[in-house]
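These notes are about the structure you will find just below.
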Amino acid sequence: MKTKIIVIVGPTAVGKTALAIEVAKRFNGEVVSGDSQQVYRGLDIGTAKASPEEQAAVLHHLIDVREITESYSAFDFVSEAKMTIEDIHSRGKLAIIAGGTGLYIQSLLEGYHLGGETPHEEILAYRASLEPYSDEELAHLVEQAGLEIPQFNRRRAMRALEIAHFGQDLENQETLYEPLIICLDDERSQLYERINHRVDLMFEAGLLDEAKWLFDHSPNVQAAKGIGYKELFPYFRGEQTFEEASESLKQATRRFAKRQLTWFRNRMQVTFYQIGESGVQDRILSQIEEFLDD
């Protein structure tokens, strides 16, 4: 029997952490972060980690598990998340995956092989190389490769191209989990307003000092490439004013949110909820209850 898990995804600033905590309290659960940046110690504000009070109220996993000088990949996430979910389940609790790194979460849910002859990073690099292509361009690649896909969709096209490229199906046919995937969304203007406001709050909380610490110590590491830090480096180098760097960060975050939504919409089977609608949290909790009772 597959392990039932709750997955909460969505763009940045939409309220994933708050919902995950509420779900954990309601259904005796623990939260597993599905965020590629929250793994780094010392990067708290720019990665929007759950506050110490929130982490004290509900146990969070895969936060602060790497130093800023260490790398972290989808391979690492899948390996560690699997062990974490198994531990949570063994204690009779519900695992709630919450985050915005679509590649990591999709890799976990679809049961990608972590062994085999083809290096996992090579597989992920190939998948990432297909992301910029439009549906029409993917269809053309499929045709060029001599492949046939009944009822074309983006996911089928990418899987077919992957199998043709590597000569084997690199996904497990049997996954470990039965997920309920909830994707939070908001009206675009409202979401962008939330993003801008959250960036302002981050600066008030000390983001500039946190980013300067990273800039002074390790400006070229993987951790420094995440949105929330690298946009401020031109300011530290004297190439931009603070106002310019702040606006650059807000713009980059808005663009990132758009890419996140595109990923979840095209690559994962999610149930969308508009956070601005009346009674949305009650409807989400009811759906989770029905899913767990089924």
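Using N, Cα and C of the backbone, Cβ positions are placed for all residues, glycine too.
Among the residue ranges 35-38, 87-90, 99-102, the one that Swiss-Prot annotates as region 'Interaction with substrate tRNA' is 35-38. Beyond the region 'Interaction with substrate tRNA' (35-38), the same-chain residues lying 6 or more positions past its ends with a Cβ under 8 Å from any Cβ of the stretch are 46-49, 62-64, 72, 77, 99-101, 104, 223, 226, 228. The average pLDDT computed for the region 'Interaction with substrate tRNA' (35-38) is 96.
The Cβ of G15 has fewer other Cβ atoms within 10 Å than any other of the binding-site residues G10, P11, G15. Around the Cβ of K16 (ATP binding site), 24 further Cβ atoms fall within 10 Å across all displayed protein chains. All protein chains included, R127 (site 'Interaction with substrate tRNA') registers 21 other Cβ atoms within 10 Å of its own Cβ. If you take the Cα of G15 (ATP binding site) and the Cα of R127 (site 'Interaction with substrate tRNA'), they are about 28 angstrom apart, rounded to a whole number.
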